[in-house]
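Data block below; observations after.
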Amino acid sequence: MGGLDSSFSAINLDEPEPWSNRRSVILGLIITFLIASWICVFGRLYTRLRIVREPGWDDLCVVFYVIFTTIGSISVCLSVNYGLGQHFILLSLDQIYSYLKVFYVMNASYCTATAFIKEALLLQYLRVYGRGNVMYYFTLFTAIFTAMWGFAYSFIAWVPCLPVNHFWEAPPNARCYGYGSPIPEQFVGTYESHTAINMVLDFIVLIIPLPLLFKEGTGLKQRMRILGLLFMGSLVIMLAIWRLATIIEHQAGYWPTHDPTWYGSISIILAVLEVDMAAICASIPIFWPALEARWGSIFITQEIKITREERFIDDEDDRISLHPNSRSRTGSDVELKRTESMQSGSKGDNTHYNDMFIMSSVDPLRSPTSGTSRTQAVVRSDSTRNKGKKWHL
């Protein structure tokens, strides 16, 4: 944060509160997008591990992303209690101390999470392009560069001072650099360079799947999925550009005066939204085809159509008449009517276990035997009702 020895002023205390500084906005956006990313990542991992059973290194990167983005999002939510969205000069020393602690965690978590989610996307593309393809080597080079970029800035974020606790304690002799530098130019330059490279990498990640859109043999559904991926990737780039603009505009909280909790709120929100949107973008193409293929079985209604031929059976004990009661409705509903023939010389009221009425009640879809009624059942599901397919039992 540049230390506590920087000059602060009250010249901006009369500024109207921006929408991004409201507690409800910060908590609402952070929690909503975090839950959305959780759902999409769970769908991705479930598909890879349980359905297709082909997990890869990209899935491991997604797991690390979930860990760090969750830590970072929780830190942002906690920072609201310690001054995020308020004027820094109005905070108590205890609030400043607590805010710098949670800011350290959320800034470092963001740098690590954004590197892991980009690696996940790039490794995912490597599974698509075969070896020997130009795009394969371009993607591989980008993945290596992204890993180096992510490691470098993550190290600067996790170790901004020596020792690390000097970042929030800010003693006069603190040895800090990068994200903890007391020199405004170095502090702002670290944020601007990281965000600018991040934006360029987002753009590269976006254009890598473009050749698949024009590849011969690509079906309409595949093209629509790629277009959807490009649309979501465009949203990620827009958030990255917006965040870079806010950092440049307010010089990472140094302009027009040094007020990081007041001017930094919008940049923090956009950082979280950007990385969560990238995770959603990386996960939907994995689980959506599997979900689409099983959509009909999720919302299925069994429809049983029972038709019976009326036939009278004369034997010494019973006569059975079966009448259809309904046609083509959900479930089955058949009226069974039993008429007993009391003929002279019969065996009276004797009822046998093998009586057809009893057997039909036990198993209405039982296979017909000689001298009994014939049953035809048609089972039809909602997913195939419009196609006219039927299964005859």
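The backbone N, Cα and C atoms fix where each Cβ goes, and this holds for glycine too.
Because TrEMBL annotations are produced automatically, they should be read as predictions rather than curated entries.
Note that the structure is a prediction, hence the values are computed from the model and not measured.
Noted in TrEMBL for the protein shown:
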- 25-47: transmembrane segment (TRANSMEM)
- 44-292: domain 'Rhodopsin' (DOMAIN)
- 59-82: transmembrane segment (TRANSMEM)
- 102-122: transmembrane segment (TRANSMEM)
- 134-159: transmembrane segment (TRANSMEM)
- 196-214: transmembrane segment (TRANSMEM)
- 226-245: transmembrane segment (TRANSMEM)
- 265-288: transmembrane segment (TRANSMEM)
- 322-393: region 'Disordered' (REGION)
- 330-340: compositional bias 'Basic and acidic residues' (COMPBIAS)
- 341-353: compositional bias 'Polar residues' (COMPBIAS)
- 367-378: compositional bias 'Polar residues' (COMPBIAS)
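Cβ atoms under 8 Å from those of the transmembrane segment (25-47) belong to residues 19, 55, 59, 62-63, 65-66, 69-70, 73, 76-77, 80, 84-85, 265, 269, 272-273, 276-277, 279-280, 282-284, 286-287, 290-291 of the same chain, restricted to positions at least 6 beyond its ends.
Stretch with the most C-beta contacts under 8 angstroms to the transmembrane segment (59-82), considering only 102-122, 134-159, 196-214, 226-245, 265-288: 102-122. With a threshold of 8 Å between CB atoms, the same-chain residues lying at least 6 positions outside the transmembrane segment (196-214) that come near it are 114, 118, 121-122, 125, 128, 135, 138-139, 142, 146, 149, 222-223, 226-227, 229-230, 233-234, 236-237, 240-241, 244, 278. When Cβ-Cβ distances below 8 Å are used as the criterion, the transmembrane segment (102-122) is approached by residues 1, 58-59, 61-62, 64-65, 68-69, 71-73, 75-76, 78-79, 82, 139, 142-143, 146-147, 149-151, 153-154, 156-158, 160, 164, 167-168, 179, 194, 198, 201-202, 205, 208, 268, 271-272, 274-275, 278-279, 281-282 of the same chain, each at least six residues removed from its ends.
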